[in-house]
């Protein structure tokens with residue numbers, strides 16, 4: 001049993017733990033060996049490494065997870081997928097995949113972070129051979145942090161432009177408008193106009209001032225990826241403002257972040273409720289909601305419906321990015337992460353479903369006003385946020401008010417997802433640094449460098465060809481394919497290499513009881529099968545990226561996209577092969593050595609406290625040659 005001296009915080013080893021050598025990282029990060037207190041060594045007097053932060057209140061963790069996981073995809077992607085894939089029928093595959101895939105991995109990542117007290121890389125000290133999973137998640141979340149903020153920059157630009165008497169995208173006659181721009185939004189206006197051989201639908205879709213504002217003013221869209229053009233300085237300033245805001249949300253750690261999310265995570269719900277009340281009072285709103293929920297049972301047999309449900313679950317739950325692991329690492333060791341994970345998953349899916357009523361009540365009104373079928377106005381992604389909804393608000397009384405509310409909500413939804421993503425990346429990065437590299441203002445400088453690097457990369461997305469770069473990042477770097485690959489390996493490593501029952505015991509050590517066996521079965525069988533099935537389908541039916549159904553990317557652009565995807569997917573096999581080749585002994589000996597967990601000091605502390613109650617069984621060496629490996633994180 002490990003005992004801790006109250007005077008100097010040094011552990012001693014007795015009982016079974018004396019069967020093998022105790023390996024501990026010293027102040028300089030190099031391992032030192034010992035058979036008791038001497039092996040651990042006294043704390044270095046030349047270092048003053050602060051202890052790892054914890055949330056001030058557990059609600060800080062809940063709100064941070066809500067802010068991170070509940071983002072733009074819940075508002076602009078789920079409602080469209082639900083409508084496209086059979087309305088209410090889509091909820092059947094969505095709920096089933098959430099139960100067998102989304103919730104189990106969501107819980108797995110949070111509990112791993114809480115148990116190991118480490119970010120996305122060092123959390124895999126639980127099975128060091130597969131530490132490539134941590135590097136992969138760092139690559140993915142870095143890509144997400146880089147391109148996701150562009151949506152915030154565009155939203156911020158629209159928000160600023162909303163504070164006018166007349167919305168700039170509501171009228172023609174501006175410098176960015178073409179001679180063909182026509183201000184026709186309502187069907188009766190179109191019917192009374194002289195259109196010279198063009199139908200109402202063609203004119204409204206092709207030459208709307210909303211589209212021209214988006215393409216000619218905001219994006220200044222060039223002819224392709226090979227024509228980057230110049231910087232759009234107005235959008236660049238909005239991008240810079242967003243990065244400065246993110247920096248000051250993250251620079252002081254979870255103590256400050258946990259306070260900010262109380263506003264950024266809750267106020268969007270207030271705006272959603274206000275927009276729903278406004279939307280359902282508009283003519284045609286009921287028709288829109290019916291289209292949203294109307295079941296089409298024939299869709300249930302389509303593989304694409306199940307693929308869309310699975311991809312949406314993994315993307316909206318923010319699985320595989322390492323940020324949930326980082327957030328969980330700041331929990332107290334005995335926090336009930338099982339209950340938290342269930343609550344957070346329900347909030348996430350519930351928000352997606354609720355947002356559908358908001359979106360389709362507005363789209364129903366828009367379709368009624370234009371006299372077209374709702375399929376003509378239903379869009380997903382940026383098309384919904386920056387074309388469909390801006391067009392809809394031009395039809396409402398006091399249009400600038402509703403535009404400002406919508407884009408403010410959009411900004412907040414993306415902001416907390418962005419700064420929590422940055423927090424996840426910074427946590428993993430700082431956990432890698434040995435204690436001897438700790439210096440004052442380490443975190444502040446690291447966050448500044450990360451934000452500055454991402455901003456420089458983002459400059460490629462505020463050029464005339466920037467939208468094509470943005471689509472490359474979105475389609476390849478953090479796609480469903482990469483997230484499914486990541487989730488598959490997470491389940492395999494925990495369930496089959498480390499041991500599902502073993503990890504269930506570890507969770508019991510933290511929360512006082514074993515979770516439902518369903519979680520173990522999912523980690524071991526159901527979730528890996530679901531992940532691999534959807535992954536294979538995505539690869540077999542892969543379609544090259546095409547922008548706006550017209551622009552086909554050049555071969556080198558597609559190669560760049562696959563480089564983004566493979567840069568994370570290859571981390572796992574390359575790290576595994578590298579470790580096995582560098583290790584000594586037979587292959588079985590290498591495997592046994594490299595899958596031996598590396599424990600932190602807090603594991604010994606809680607084993608000492610709870611040995612007579614429930615025990616931390618995974619810390620007990622199983623043979624004379626086994627060992628307990630202990631490291632202490634920098635942060």
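Using the three backbone atoms N, Cα and C, a Cβ is placed for every residue, glycine included.
Here the structure is a predicted model, which means the values were calculated and not measured.
Copied from Swiss-Prot, the annotated features are:
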REGION    1-47  region 'Disordered'
TOPO_DOM  1-60  topological domain 'Cytoplasmic'
TRANSMEM  61-81  transmembrane segment
TOPO_DOM  82-87  topological domain 'Extracellular'
TRANSMEM  88-108  transmembrane segment
TOPO_DOM  109-138  topological domain 'Cytoplasmic'
TRANSMEM  139-159  transmembrane segment
TOPO_DOM  160-230  topological domain 'Extracellular'
CARBOHYD  192  N-linked glycosylation site
CARBOHYD  197  N-linked glycosylation site
TRANSMEM  231-251  transmembrane segment
TOPO_DOM  252-269  topological domain 'Cytoplasmic'
TRANSMEM  270-290  transmembrane segment
TOPO_DOM  291-304  topological domain 'Extracellular'
TRANSMEM  305-325  transmembrane segment
TOPO_DOM  326-341  topological domain 'Cytoplasmic'
TRANSMEM  342-362  transmembrane segment
TOPO_DOM  363-394  topological domain 'Extracellular'
TRANSMEM  395-415  transmembrane segment
TOPO_DOM  416-444  topological domain 'Cytoplasmic'
TRANSMEM  445-465  transmembrane segment
TOPO_DOM  466-479  topological domain 'Extracellular'
TRANSMEM  480-500  transmembrane segment
TOPO_DOM  501-520  topological domain 'Cytoplasmic'
TRANSMEM  521-541  transmembrane segment
TOPO_DOM  542-560  topological domain 'Extracellular'
CARBOHYD  548  N-linked glycosylation site
TRANSMEM  561-581  transmembrane segment
TOPO_DOM  582-635  topological domain 'Cytoplasmic'
MOD_RES   617  phosphothreonine
MOD_RES   620  phosphothreonine
MOD_RES   623  phosphoserine
Do the transmembrane segment (305-325) and the transmembrane segment (342-362) come together with 3 or more C-beta pairs under 8 Å, pairs six or more apart in sequence? yes
Comparing 61-81, 270-290, 445-465, 561-581 for Cβ pairs under 8 Å with the transmembrane segment (342-362), the winner is 61-81
Ranking 61-81, 88-108, 270-290, 480-500 by Cβ pairs under 8 Å to the transmembrane segment (561-581), which is first? 480-500
Near the topological domain 'Cytoplasmic' (252-269), which same-chain residues lie under 8 Å Cβ to Cβ, leaving out any that are not at least 6 residues past its ends? 53-57, 60-61, 63-64, 66-67, 70, 327, 330, 351, 409, 412-413, 415-416, 419-420, 423, 443-444
Is it the case that the transmembrane segment (395-415) and the transmembrane segment (88-108) touch, counting contact as three or more CB pairs under 8 Å in which the residues of each pair are 6 or more positions apart? no
Taking DSSP states H, G and I as helix and E and B as strand, how many residues of the topological domain 'Extracellular' (466-479) are helix, strand and coil? 12 helix, 0 strand, 2 coil
Under a three-state DSSP reduction, the secondary structure at residue 548 (N-linked glycosylation site) is coil
Residue counts (helix, strand, coil, in that order) that DSSP gives for the topological domain 'Cytoplasmic' (416-444): 23 helix, 0 strand, 6 coil
Where does the mean pLDDT land for the topological domain 'Cytoplasmic' (326-341)? 93
